[in-house]
Amino acid sequence: MEEHSAGPLVPAVKPEPSRTTAAATSGETSSASLSEPDKDFLCPICMQIIKDAFLTACGHSFCYMCIITHLRNKSDCPCCGHYLTNTNLFPNFLLDKLLKKTSARQISKTASPVEHFRQAMQQGCDVTIKELDTLLSLLTEKKKKMEQEEAERNMQILLDFLQCLRKQKVDELKEVQMDLQFIKEDIGAVEKHRMDLYRARDRYSVKLRMLDDSSGRKSWHSSMDQNSSGLISSPLNLRGGLSSGSHTKKNDGKSQISSHGHGFQRKDAINGSDSQFINQSSLALVRKKRVHTQFNDLQECYLQKRRHAADKPRSQQERDINFISREGYSAGLEDFQSVLTTFTRYSRLRVIAELRHGDIFHTANIVSSIEFDRDDDLFATAGVSRRIKVFDFSAVVNEPTDVHCPVVEMSTRSKLSCLSWNKYAKNQIASSDYEGIVTVWDVTTRKSLMEYEEHEKRAWSVDFSRTDPSMLVSGSDDCKVKIWCTNQEASVLNIDMKANICCVKYNPGSGNYIAVGSADHHIHYYDLRNISRPVHVFNGHRKAVSYVKFLSNDELASASTDSTLRLWDVKENLPVRTFRGHANEKNFVGLTVSSEYIACGSETNEVFVYHKDISKPLTWHRFGSPDMDEAEDEAGSYFISAVCWKSDRPTILTANSQGTIKVLVLAA
């Protein structure tokens, strides 16, 4: 509805009607007067123009089908109510004729000149041959004019398209020329840096050869001194006879052995350096092969970083100029080299330890969460077995056994969904469970310090703040996010949302910001100092957001049941990249991040590792079934349920729905 102003209106002077206006008004009046009788041609039942008019004994006219249908139910006239039957209906020929004439008149009013001409020709209008020739010439000229106008319109459309295409291609050419300039500059910088490295390597090689030669001379001189001393002392020991001679021979033998031994050592050193060179060469070939395999993604990454560095503000460029003068590298090239190095460094995941999480008292072995403590010495697991188990990482890796006993074990009332270690207090760990209870545990005493029971439904996620060790956040199916303090028995802050909360996470650089993943497919980024509305809502996932993790203060990774991971910039509120390769449509499969890598599980019972700057998987590892005779369809029902990096090291803890825990390490 339109809103009209309630204020006073400015008065306007009414203009005097002109002759044209008066004529138009009289024309409208006459047309209205002509159209008024049309109301008498309407059927009182259907309110449409009467078709097949029939007259009743009481003098009213109706459509034949309308009045017949009416008389099937009632026996009266719809207009006056008099008694009426089918025998009292008569055809109204006069009204039918009037209706046909009226219809023809209305058609003639709205018909085009061509239609009038066609009707005139059909009605046998007398036209001479000369008049027909004139009409044909007019029609021919009209046709040519219309064809000309149509051709001009088509040419204009084609011209607009070509101009738009030229502009687009010119822009692309400028971009390509700029990219080529970047590549040319970077090739020069890399070649210069490589030559510097070659010269440095040659200098080191010369120094090493000099050291080897000096050590060889020293050993040779010492052996010669020993031989000469033996020869000089032998005449003085003539009384010894054969014994002295044999002693001299022994010394000679020893000197020969020592000299030959030194030769063997140098040969071994040379052979070792050759084998090391061969290994380095083969490793370089493997890394080059990885580059060609992911060439398109790496090309996009290089151009993006190079263009971004070129678009930096002047103050930043001045800082970069100082950097270029020192290293010969642009900031974009330096960033890409770091990406290329970390991306090609690893190609597979190697198992270094494996253990079974299940026990004889619980058949359900799904590990819902697995987390390292503050110092990465211990890791804790939790799941549907209603137990928190804490293991010694070094013992798991170094002791060759599949069954490892936890150093601490704590029982809970309900199935557990999430764990979070306190990053300051090494002995504190928080848990959330299926009854909505958030518990803070003391691992040393194996007792709960605080229990929060305000959530009305299952709590999916809990997280300790990295900047304030007394604060933690939780999210639940009751659509509420709650902030807790370990010094208080009740929540200190409550955020009501419209959908189920699947995950929550504190920003590692500030205790004021949290990221909330929801079943509404969005990520809500809140400033806890003003919870009336989120700072930003990140859109892009097509299904529920199951995990959120911070790579840094500005980078946020998210996982969803739409089988994608996404990277976001929470500083600029922009999407950065989408990762695809794993399968995740219904289960919580885990998500973990480091400074450069992102890892997640898959419903194919595989662990996937991504580099944060490349959208395709870096590598993956499939969990094998412990039962060799297990059916393939049953094995396919298992999935990865939890993953966790060990700080910024290439080691990752993984667990699946069977209760199998593996320690994997990235390898070349």
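Our numbering is plain: 1 for the first residue shown, then up by one each step along the chain.
Each Cβ is built from the backbone N, Cα and C atoms, and glycine gets one as well.
Note: TrEMBL annotation is automatic and uncurated.
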Range annotated as coiled coil in TrEMBL, from 129-186, 361-418, 477-534: 129-186
Same-chain residues near the repeat 'WD' (452-484), Cβ under 8 Å, at least 6 residues beyond its ends: 417-425, 428, 430-440, 490-506, 508-511, 514, 516-517, 526, 528
For the domain 'RING-type' (43-80), sequence-distant contacts whose Cβ falls under 8 Å of one of its Cβ atoms, 6 or more beyond its ends: 86, 88-92, 95-96, 99, 103
